[in-house]
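What TrEMBL says about this one:
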- 1-19: signal peptide (SIGNAL)
- 82-102: transmembrane segment (TRANSMEM)
- 173-192: transmembrane segment (TRANSMEM)
- 198-218: transmembrane segment (TRANSMEM)
- 298-319: transmembrane segment (TRANSMEM)
- 339-356: transmembrane segment (TRANSMEM)
- 377-397: transmembrane segment (TRANSMEM)
- 429-448: transmembrane segment (TRANSMEM)
- 460-481: transmembrane segment (TRANSMEM)
- 504-525: transmembrane segment (TRANSMEM)
Amino acid sequence: MRTSCVVVNLTWIIGGSAAVEIAERFAFYGVSANLITYLTGPLGEGNAAAAAAINAWNGVSQLLPLLGGALADSWLGRYRTILLASLLYILGLAMLAFSTLISTGGNQCSSAAVAGGKTCPPSTLRVAFFYISLYMVAVAQGGHKPCVQAFGADQFDPSDPEESVSRSSFFNWWYFGMCGGTAVTLVFLSYVQDNIGWGLGFGIPCVVMACALAVFLLGTRTYRYYVSGSKKGVVARAGEALAAWRNRAKSIPLLPPASQECHPTATSAPEFSTGVEEDEQVVGKAGLVEQAKGIVRLFPIWATCLIYAVALAQSSTFFTKQAGTLDRRIGDHIQVPPAALQSFISITIVAIIPVYDRVIVPVARRYTGVPSGITMLQRIGAGMVLSLVSMVIAALVETRRLRAARDAGLVDKAGVPVPMSLWWMVPQYVLFGAADVFTMVGLQEFFYDQVPDKLRSLGLALYLSIFGVGSFISSALVSGIDRATAARGGSWFSNNLNRAHLDYFYWLIAALSALELLAYGYFAVTFKYKNKNKGALLATSTSC
């Protein structure tokens with residue numbers, strides 16, 4: 001009886017929360033993957049300005065989950081946060097599609113200018129409405145992203161050995177499904193946006209998101225709910241925690257660490273109930289101190305992953321602009337959209353995750369004794385190495401592209417494709433996909449597992465904030481380097497990429513990645529896991 005009910009519940013994890021997460025990724029990448037083409041095309045922005053704007057938006061998108069996760073953990077709960085964020089997502093996407101219908105230049109765009117082949121500048125109203133809609137999507141992701149995966153992981157009972165093992169694989173297969181949806185997005189929507197219209201390209205994700213929300217709601221009566229017993233807001237709790245930590249010498253003795261791991265969790269409630277409540281135990285100053293320390297101790301790992309996020313940010317900006325300059329023909333009639341190359345990241349992830357989960361992990365487990373094969377931090381580090389190699393290859397490919405443009409006499413003919421196949425860029429995308437299998441999944445599991453149990457939505461928000469801060473760093477780097485190099489006569493990010501030097505920028509990121517990897521290695525070796533079995537997602541009852 002228990003097994004059949006668990007199967008029913010886990011089916012809803014896949015059919016409900018996973019469906020809405022895949023749809024959210026479909027929607028987000030449907031907007032972000034080809035965004036630089038829209039900004040440098042219909043909105044008429046330059047390469048450097050567009051890349052900086054996209055990085056800033058990505059930064060906001062990835063930092064807002066800190067607020068969304070905190071609100072979910074302390075007030076709304078994950079289910080209601082997902083519901084409200086999904087509704088806001090649908091509204092933002094609908095407004096984004098509508099923004100493409102607003103007239104471009106108004107009276108400034110005369111028929112004579114159009115007849116002369118000149119591009120009409122977008123109206124102020126259109127630009128303003130577009131960016132308002134774009135940032136509504138960012139706010140919606142801020143509530144959606146930290147909660148859906150945590151809500152799905154909450155459905156597994158850590159006190160049940162079978163479900164505990166399944167939860168470790170859950171993170172692999174969750175990312176597998178998410179990237180499968182992303183691969184379809186990048187190929188299908190980028191073609192629609194480039195060849196049919198941006199209104200339809202933004203409208204399709206809106207419809208998909210609405211359908212996924214309906215599927216998610218169907219599972220409402222079957223989900224397990226993790227309800228926090230605290231009646232205090234997250235700001236008040238954080239203030240108390242920091243104050244208690246500052247005065248810890250005068251405070252009561254700290255509770256043993258094990259007590260934090262063994263408090264009743266969402267799975268301690270009756271089986272198969274639609275609401276699973278946590279015991280309302282009183283958390284004193286010592287408990288708040290432990291929670292604050294549990295977050296702060298993750299900071300070195302968080303900080304030493306930022307350059308990885310900077311490197312990843314290039315895949316949706318300058319990589320796409322590079323691809324647009326190459327020979328993208330397949331046969332006589334098909335031309336690959338530049339943004340579609342990003343699908344190789346997702347395709348690589350989809351191909352590697354089953355091999356990793358079913359082959360690499362069991363083999364590694366025999367030698368290491370770790371249930372997950374290698375520890376979470378080892379997994380993250382392996383991905384960072386692959387990311388470094390990817391940036392080196394990207395720099396070498398860009399050097400070759402510039403040479404091909406010079407040899408063909410196309411330095412000042414930016415609109416003519418460089419006689420170099422787009423397939424030269426595939427290896428850097430594939431390596432990024434392989435890096436994601438290790439680093440992205442490893443970070444998700446690490447920040448879910450190593451934060452205090454009551455703050456798991458906030459933990460996943462911390463993981464996302466790495467990519468938010470990394471995007472801001474990338475934006476600052478692009479803007480600063482553009483100003484500095486333009487003042488010397490030739491910007492690294494010139495609108496004519498045949499006169500730009502993206503290869504220098506990639507070498508800079510590769511060098512920063514190497515320095516980051518050294519720092520990460522030091523902190524990873526000295527890090528002490530919360531659980532007894534390093535990096536393994538074991539049942540908490542084992543340590544109790």
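FYI, residue positions are counted from 1 along the chain as it appears here.
Placed from the backbone N, Cα and C atoms, the Cβ positions cover glycine too.
The recorded stretches the transmembrane segment (377-397) and the transmembrane segment (298-319) share 3+ CB pairs below 8 A when only pairs 6 or more apart in sequence are counted, and are therefore in contact.
Highest Cβ pair count under 8 Å relative to the transmembrane segment (504-525), across stretches 198-218, 298-319, 339-356, 429-448: 298-319. Long-range contacts of the transmembrane segment (339-356) within the same chain, counting only residues at least 6 positions beyond its ends with a Cβ under 8 Å from a Cβ of the stretch, are 29, 33-34, 37, 172-173, 175-176, 179-180, 182-183, 186-187, 190-191, 193-194, 315-316, 319-320, 323, 422, 425-426, 429-430, 432-434, 436-437, 441. When each of 198-218, 429-448, 460-481 is checked for Cβ pairs under 8 Å to the transmembrane segment (298-319), 460-481 comes out on top.
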